Ligand code: ATP
Ligand code: MG
């Protein structure tokens, strides 16, 4: 038997309703916050990710699904959405000077990581990005949006962690200070961090190993190095959050895995998730669009991981609604009689099903029960001859005869009530 690829999961009926529920909920919030949907290819040129994420990131170094296609071009299954959205914004000229562009997208991402709870190789994200706004209010609004979506999905006990990564003006000094701090610790660091010290020292702060993290407790803090403009920006974001009654925790060691982040960076954590506790993450990437060959427009956004969201979501009990009506037609003549009726009722939005297999009445009523039908319509030979049908209330068992003439309107009246 051929099995699915490791880390790639089927989303089966029973689960898929939950996915649809959360996606619809997110969609509503995106629209109410003024975002419009963009749908992107899942395949991009490898160079796009190498350029935008940075060569010395976990994703580019070891997590991408990259292959050479038949034209000998290197292509990559997208590991995240922001790079593709930036590419599309530039390529399609979506940006006009002075215009704010708010985009969202929902879909799968691919990273070759070790699969475990809350970590897959194909996973799914809800993404929101805003282009053209430098204003700290935009950052706070995005954080509010992410929290509102998670909250509406029933996620509780969330913890918002926030930091500012500074900008190309102030970050170099921090980088140097951090490098200096790290040289003393060199031997004690994990292999990955040792490499990071040279190539991308900020990234050590993102190391997943507790041993490393405990060494970084006394590391220099980004906040102490922020230039006045970055400092003011950061304080304004925090002030907006306070105005919105959003609780936050400043985390001076919060850096994002991706190189292009500047200033605001944040993560939303859910303690119930265990080791993979970050359900959403985001931040500002002001230089990215320009670095990809576009105009110099700022950007800020976030991604919510849908698998992790599902693990902490509180969903309504029954997401697959019961059937409105099961039509039990006995015999071919009866079945033919109800075919157009069933179709018309469905076209009115009612959930209706029927049996094409010629099963017995008993079997059909059993099927109706299994589908949790509110009503069953019974039409056998006797009913055919008498020009009527029986409408059975499946909860009470009460049966009511209905005339075959005007049957559709009689049913609509009862079922739509
Ligand atoms: P982590 O530290 O958990 O590896 P990350 O920093 O790589 O996360 P981001 O690139 O910021 O993650 O992605 C944003 C969100 O997407 C994460 O907070 C998480 O909810 C989700 N996510 C990332 N990688 C995976 C994965 N392999 N499986 C499931 N969800 C994921
Ligand atoms: Mg990761």
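All positions are counted from 1 along the displayed chain.
Keep in mind that glycine also has a Cβ here, set from the backbone N, Cα and C atoms.
Residues annotated as L-histidine binding site in TrEMBL: 80, 81, 82, 111, 125, 129, 256, 260, 261. Annotation for residue 261 (L-histidine binding site): spatial neighbours 165, 255, 283, 284, 285, criterion Cβ-Cβ under 8 Å with sequence separation of six or more.
Across the domain 'Aminoacyl-transfer RNA synthetases class-II family profile' (22-340), mean pLDDT in this model comes to 93. According to TrEMBL, the domain 'Aminoacyl-transfer RNA synthetases class-II family profile' annotation covers 22-340.
Its own atom aside, the Cβ of residue 80 (L-histidine binding site) has 19 Cβ atoms within 10 angstroms in the protein chains shown.
With the fewest other Cβ atoms inside 10 Å of its Cβ, the least crowded of the binding-site residues 82, 125 in this structure is 125. According to DSSP, residue 261 (L-histidine binding site) sits in a coil region rather than a helix or strand. Residues 80, 81, 82, 111, 125, 129, 256, 260, 261, recorded as binding L-histidine, reach a greatest CA to CA spacing of 21 Å.
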